[in-house]
Amino acid sequence: MRIADVLRLLVLAAIWGGSFMLMRVLAPALGPTATAGLRLALGGAALLAYFRVIGFDAHWRRDWRHHLLVGAINSALPFWLYGFAALHLPAGYSAILNSSAPLFGALCAALWLGERLDRRRLIGIALGAAGVALVARTGASVADDPLLPLAVLACLAAASCYALAGVYIRRHAAGVPAMAFAGCSQMLGGALLLPLVPLAPPPGPITAGVAGNLLALALLCSAVAYLLYFRLLADLGPTRALTVTFLIPVFGMLWGALFLGEAITPAMLAGCALVIGGTTRVLRRS
């Protein structure tokens with residue numbers, strides 16, 4: 001792996017890890033619905049504008065049904081769930097739970113794609129489940145909130161949404177370009193959520209700081225991050241590009257500690273190690 005690829009991988013992990021910190025800040029100010037809806041609409045619009053500049057044809061009219069469904073499952077619902085979780089759960093914990101997505105992916109692929117769960121993958125899923133249980137158990141010690149168990153479940157549900165979307169794409173929409181999904185599904189995911197914002201309006205005023213954080217979440221963590229990811233896919237292939245999954249919780253914990261004063265406990269690190277270790281076994285090829 002070239003130094004430039006390693007740097008891009010680290011930058012991408014730092015950006016996506018930072019998204020949990022930004023959601024932790026924005027969700028109390030805007031609410032989960034507006035946070036997710038505006039992030040998707042702005043990020044999707046930026047990507048579609050970029051497609052127009054480079055002359056990329058996303059064929060959204062032909063594939064709009066796929067984009068709408070993936071936008072709901074892979075963008076609107078999980079981003080709303082993470083926004084809800086951000087109201088109750090420290091950013092580092094959400095980032096760790098997010099890294100369980102490949103574990104759910106292995107289960108969904110076994111159920112709907114007929115992929116075999118061999119001993120290695122079963123051990124990986126068990127390790128990941130133990131890590132999730134440890135994170136959920138120790139989370140109560142740093143966030144005295146009666147809704148914390150629901151926040152943990154919301155993170156796990158969001159991670160499972162990514163897995164379901166991945167299975168759907170592999171089974172029904174394998175011919176749709178991944179970059180097209182990034183732009184069109186985000187735009188349509190935002191279109192699904194924005195009409196709901198009046199039902200759950202932002203609880204406070206939208207200050208310049210809130211607007212700046214929102215732009216960072218939408219443009220940096222959604223638009224720019226996806227472009228970096230597709231560059232890594234092209235240069236490294238999907239297996240190596242997925243190593244970003246292991247780095248996101250590290251940066252999620254780091255940014256939460258540096259900018260939000262969140263604690264990083266030994267139990268939290270142990271849970272993170274178990275989840276990442278389990279994910280490594282699931283993703284590793286035989």
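Note: Cβ is positioned from N, Cα and C throughout, glycine not excepted.
Please treat TrEMBL annotations as automatic predictions, because they have not gone through curation.
As recorded in TrEMBL, the features of this protein are as follows:
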{"type": "DOMAIN", "residues": "9-136", "note": "domain 'EamA'"}
{"type": "DOMAIN", "residues": "151-280", "note": "domain 'EamA'"}
{"type": "TRANSMEM", "residues": "7-30", "note": "transmembrane segment"}
{"type": "TRANSMEM", "residues": "36-56", "note": "transmembrane segment"}
{"type": "TRANSMEM", "residues": "68-89", "note": "transmembrane segment"}
{"type": "TRANSMEM", "residues": "95-114", "note": "transmembrane segment"}
{"type": "TRANSMEM", "residues": "121-140", "note": "transmembrane segment"}
{"type": "TRANSMEM", "residues": "146-169", "note": "transmembrane segment"}
{"type": "TRANSMEM", "residues": "176-200", "note": "transmembrane segment"}
{"type": "TRANSMEM", "residues": "206-229", "note": "transmembrane segment"}
{"type": "TRANSMEM", "residues": "241-258", "note": "transmembrane segment"}
{"type": "TRANSMEM", "residues": "264-283", "note": "transmembrane segment"}
Margin query: If you count every Cβ pair below 8 Å, which range out of 68-89, 121-140, 146-169, 176-200 shares the most with the transmembrane segment (264-283)?
Written below: 121-140
Next item on the list: Name the range, of those listed as 68-89, 146-169, 176-200, that has the largest tally of Cβ pairs under 8 Å with the transmembrane segment (95-114).
Entry: 146-169
Next item on the list: Report yes or no: does the transmembrane segment (241-258) come within contact of the transmembrane segment (7-30), defined as 3 or more CB pairs under 8 Å with a sequence separation of 6 or more?
Entry: yes
Check: How about the transmembrane segment (68-89) and the transmembrane segment (146-169): do they have 3 or more C-beta pairs under 8 A, pairs 6 or more apart in sequence?
Finding: yes
Checklist line | Proximity verdict for the transmembrane segment (206-229) and the transmembrane segment (7-30), three or more C-beta pairs under 8 Å | finding: yes
Notebook entry, point to check: Residues sitting near the transmembrane segment (146-169): Cβ under 8 Å, six or more positions beyond its termini, same chain?
Noted result: 66, 69-70, 73-74, 77-79, 81-82, 84-85, 87-89, 93-94, 97-105, 107-109, 112-113, 132, 135-136, 139-140, 176, 181
Note to self: Counting by DSSP secondary structure, give me helix, strand and coil numbers for the domain 'EamA' (9-136).
What the structure shows: 106 helix, 0 strand, 22 coil
Next item on the list: Over the domain 'EamA' (9-136), work out the mean pLDDT and round it to an integer.
Entry: 94
